[in-house]
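Now, the feature entries from Swiss-Prot:
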{"type": "TRANSMEM", "residues": "5-25", "note": "transmembrane segment"}
{"type": "TRANSMEM", "residues": "75-95", "note": "transmembrane segment"}
{"type": "TRANSMEM", "residues": "117-137", "note": "transmembrane segment"}
{"type": "TRANSMEM", "residues": "157-177", "note": "transmembrane segment"}
{"type": "TRANSMEM", "residues": "190-210", "note": "transmembrane segment"}
{"type": "TRANSMEM", "residues": "240-260", "note": "transmembrane segment"}
{"type": "TRANSMEM", "residues": "268-288", "note": "transmembrane segment"}
{"type": "TRANSMEM", "residues": "305-325", "note": "transmembrane segment"}
Amino acid sequence: MIDDLIIILIKSAVVILLLFTAAAYMTFLERIVMARLQLRMGPVRVGPFGLFQPLADGIKLLCKERFQPANVETFVYWLAPGISLFTALFIFVLIPFGGVVEIAGRLIYLQIADINVGVVFLLAFSSLAVYGVVLAGWASNNRYSLIGGLRGTAQMISYEIPMGLSLLTVVLSTGTLSLREIVELQQNHWLIWTNPISFIIYFITSFAETNRAPFDLPEAEQELTAGYHTEYGGMKFAAFFLGEYINILAVSAIATTLFFGGWHGPGDIPILWFGLKVAIFVFIFMWVRATMPRFRYDQLMSFGWKVLIPIAILNLIITAYFTLV
């Protein structure tokens with residue numbers, strides 16, 4: 001029992017370290033990608049090829065003054081960034097990064113926790129992220145923050161419906177809620193080939209769930225200064241920032257797990273295949289941000305309720321018919 005607990009703690013520490021490092025360098029890579037697409041140089045001056053830029057940004061944020069605006073709800077104001085960060089981290093408790101490896105004569109699963117109802121927990125953890133957004137907007141005592149928080153709440157709740165329906169089709173197709181079993185069932189064929197519409201719906205909603213362009217209405221600079229981020233700076237802002245990029249990694253890892261065979265690929269390098277698939281999705285997020293204009297808020301909500309939800313319901317009915325009948 002104690003050995004199992006130690007193994008879980010070691011897995012958790014390794015995953016957290018990798019996620020924080022990946023999120024830090026995602027900010028650097030995104031700036032490089034956007035600069036190249038916009039015919040600019042990007043941040044290339046700090047260290048060789050700019051590789052120390054994330055470290056410099058972290059030191060800058062760490063050294064900033066611990067400022068708190070007047071008349072804020074102090075406890076909630078400080079709690080909101082933590083909620084955004086930790087809800088993103090919790091998702092990786094369920095993600096299987098690979099199969100089984102043998103270390104010191106002991107078989108180790110490359111997954112922190114294999115829960116029989118993993119898909120349900122995924123939806124639950126992703127739903128909790130909305131609290132960080134709405135509480136940050138409400139506690140900041142700022143009209144821009146409040147409007148951004150309300151926008152983010154409405155957007156995330158609206159797009160969770162088609163996302164949940166798309167994941168339900170995966171459950172119907174595989175007959176299990178365990179993420180590890182879903183990956184193992186994709187050893188010979190990925191679910192993207194049998195559930196392409198479900199993947200498209202999931203991928204579109206993942207942009208809305210992460211508040212990324214073209215669905216970044218909660219923090220639209222031209223309208224809301226910085227939205228629910230407006231009154232945050234220093235490490236509190238860094239917590240929101242890390243939460244956003246870890247959330248991008250999370251939705252990319254979920255897409256890889258549920259639709260693209262997880263760690264399966266040619267050769268005996270499961271972790272590398274998993275990482276490569278996730279990296280491709282992360283690059284698409286960056287590419288879309290650099291190339292697509294932002295939706296209007298009414299277009300965003302109309303698209304979610306009038307287009308995605310009906311298509312997701314119809315797709316679920318068709319999948320259920322061909323699976324169960």
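From the backbone N, Cα and C atoms, a Cβ is placed for every residue, glycine too.
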Contact call for the transmembrane segment (75-95) against the transmembrane segment (305-325), three or more Cβ pairs under 8 Å: no
Dominant neighbour of the transmembrane segment (240-260) in 5-25, 117-137, 157-177, 190-210, 305-325, by Cβ pairs under 8 Å: 190-210
Residues of the parent chain within Cβ reach of the transmembrane segment (5-25), under 8 Å, 6 or more residues beyond its termini: 54-55, 57-58, 89, 92-93, 108, 111-113, 242, 245-246, 249
